[in-house]
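Chemist: Mind looking over this structure? Questions follow.
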């Protein structure tokens, strides 16, 4: 969800079926609303007036309207709506009571709040306006109106004057519930940071998460609330429905998926004894029935001792499994038999075992390990091949020493890349709340510097990784080869791992060519490429098999190494920063060189800073903790992408 203010009104409101029959329309019942539509805009029913053009930034005061009429003839309501402060002062000084409601039971403070007139609100408060005055058909406070309209700056101002967001309107909704229903997530975050509980029930006993799951079709704001630690198994007061019950009744597939991922119980029963699956059958939704049944079956399996053991030791077991599978394929190909039918049957059996294991045992977490454990298996069989095939033909101690150093470097830098914290940005709940309040009140609650997934302030050059579900300082990319992120703290180790891996592959090419030249005489000029491949296959199928996956690893590792060194040395950028800049360049009328960025200090200095080279004091690298480097304001971090939920 984009946290930038837009023009569109949200028609979700409070319409639609409710878990407990609470579902009235959302209208104030008054006839005029002026000012910007706001973030998640709200337009009262029966609107007939003209909207004053509003700002795109919800933290700024609206522009004054260039109305053709002379404001000296306006009544105080119209002057308030259009921001004519001097006319308002004139009428108040003439004796108008700022606490007096109009014929629709709406006070001047309501009109100032819904139109985001900060200076007029300040003036009315100084003249004795009641901050939490209830008014309108929905019996709402000015704060409720500002929340519905999406005016974050007005919400902040009213709360500074003592407005109480925990008060309920005529429909029973408190401030946080309204922010969620109108999908004003910055306001919801601010209210929670100021002390509103994420599971605060409305007067009908429903939490914000229940309302989101029931009334707003789509992943948000359900996902947002779960990230704020909303309870997925809370129940309402009327029917004891959980958020999952509400989502199923509303047919909200996205919310159901998110709630299940968050661990919502599929066995919880409401007052009528119905589970979520029972309700899915009642609403005749085959998709929801399938989703809920699959999750229920998976959770039953997850309680088995076998799967618990697999999840506990998944890295080791998956590595062993990959080593066995890669070795089994090669061993079958290397069998001394002329029967390709037998080899085909054995290979088919191996594929069947893999398929069975993936269906019965492999979870999403286990499947994500396949590339990294496949790489580990490949390196293992490279070493075995060197020892059993190449070592007897290579008596040179220097070559053996260099190979040993190389394989040690590969293992060392690979482990360091995997085990070193890439720079995960961490913050306590109190720090998160403090940052939200500070950024909101400074007008900087913006996705470029505030992560809407982690709910915390992002350091400069940090990005949110959706695979790791964390913000990573100076993130380069998420690598499938280490099953983790490459960031500020493990990036040098990863680059050195690529260097060592490329040298290992070169040694394997050297050993393969040397072995073939001695044991497999080839006549390429006479037999052609297919004849040569046939000869190699007949000479040593295993070696040709190993050569193929060595070639594969050489291809991606060499390309990735060249790109990494180019970005580090010549640009001073990470992969994600380069991608963001290239995307923005396409929108610019004139091309701008990627080298023109504040992090590019020249080739030598870039390399010194990246690898932290000192050379006995000859070099002085820049030492920075990128998890603590914060931009000073909007626009300072030109390389960050908005990680909006």
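Placement of Cβ uses the backbone N, Cα and C atoms for every residue, glycine included.
Predicted, not measured: the structure shown is a model, and the values here were computed from it.
The topological domain 'Cytoplasmic' annotation in Swiss-Prot covers 1-314, 358-369, 416-492, 564-645 and is backed by a curator's inference. Annotated region 'Disordered' per Swiss-Prot: 1-73, in sequence order. What Swiss-Prot lists as compositional bias 'Basic and acidic residues' is 7-20. The compositional bias 'Basic residues' annotation in Swiss-Prot covers 23-33. Sequence annotations record features per position, and here Swiss-Prot assigns repeat 'ANK 3' to 171-200. If you look up Swiss-Prot, you'll see 204-234 marked as repeat 'ANK 4', on the strength of sequence analysis. Taken from Swiss-Prot, the feature transmembrane segment covers 315-335, 337-357, 370-390, 395-415, 493-513, 543-563. According to Swiss-Prot, the topological domain 'Lumenal' annotation covers 391-394, 514-542. Residues or ranges marked as domain 'DHHC' in Swiss-Prot (evidence: sequence analysis): 449-499.
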Chemist: In terms of Cβ proximity under 8 Å, which residues at least six beyond the ends of the transmembrane segment (370-390) contact it?
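Modeler: Same-chain contacts beyond the flanks: 315, 318-319, 321-323, 325-327, 330, 403, 407, 410-411, 418, 480-483, 501, 504, 507-508, 511, 514-515, 540, 542-543, 546, 549-550, 553.
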Chemist: Per DSSP, what is the residue tally for the topological domain 'Cytoplasmic' (564-645) in helix, strand and coil?
Modeler: 28 helix, 0 strand, 54 coil
Chemist: What else in the chain is close to the topological domain 'Lumenal' (391-394), if you only count residues 6 or more beyond its ends and a Cβ gap under 8 Å?
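Modeler: For the topological domain 'Lumenal' (391-394), the sequence-distant neighbours (Cβ-Cβ under 8 Å, at least 6 residues beyond its ends) are 400, 511, 514-515, 518.
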Chemist: In terms of Cβ proximity under 8 Å, which residues at least six beyond the ends of the topological domain 'Cytoplasmic' (358-369) contact it?
Modeler: 306-307, 310-311, 314-315, 318, 467, 480, 483
Chemist: Taking residues 6+ outside the transmembrane segment (395-415), which of them lie with a CB under 8 Å of any CB in it?
Modeler: 379, 383, 386, 482, 493-494, 496-497, 500-501, 503-504, 507
Chemist: Could you give me three numbers for the repeat 'ANK 3' (171-200), the DSSP helix, strand and coil residue counts?
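Modeler: Looking at the repeat 'ANK 3' (171-200) with DSSP, the answer is 16 helix, 0 strand, 14 coil.
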Chemist: By DSSP, how many residues in the topological domain 'Cytoplasmic' (416-492) are helix, how many strand, and how many coil?
Modeler: 19 helix, 17 strand, 41 coil
Chemist: Please work out the helix, strand and coil residue numbers for the repeat 'ANK 4' (204-234) from the DSSP assignment.
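Modeler: Each residue of the repeat 'ANK 4' (204-234) counted once, the result is 14 helix, 0 strand, 17 coil.
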Chemist: Taking the topological domain 'Cytoplasmic' (358-369) alone, what is its mean pLDDT?
Modeler: 81
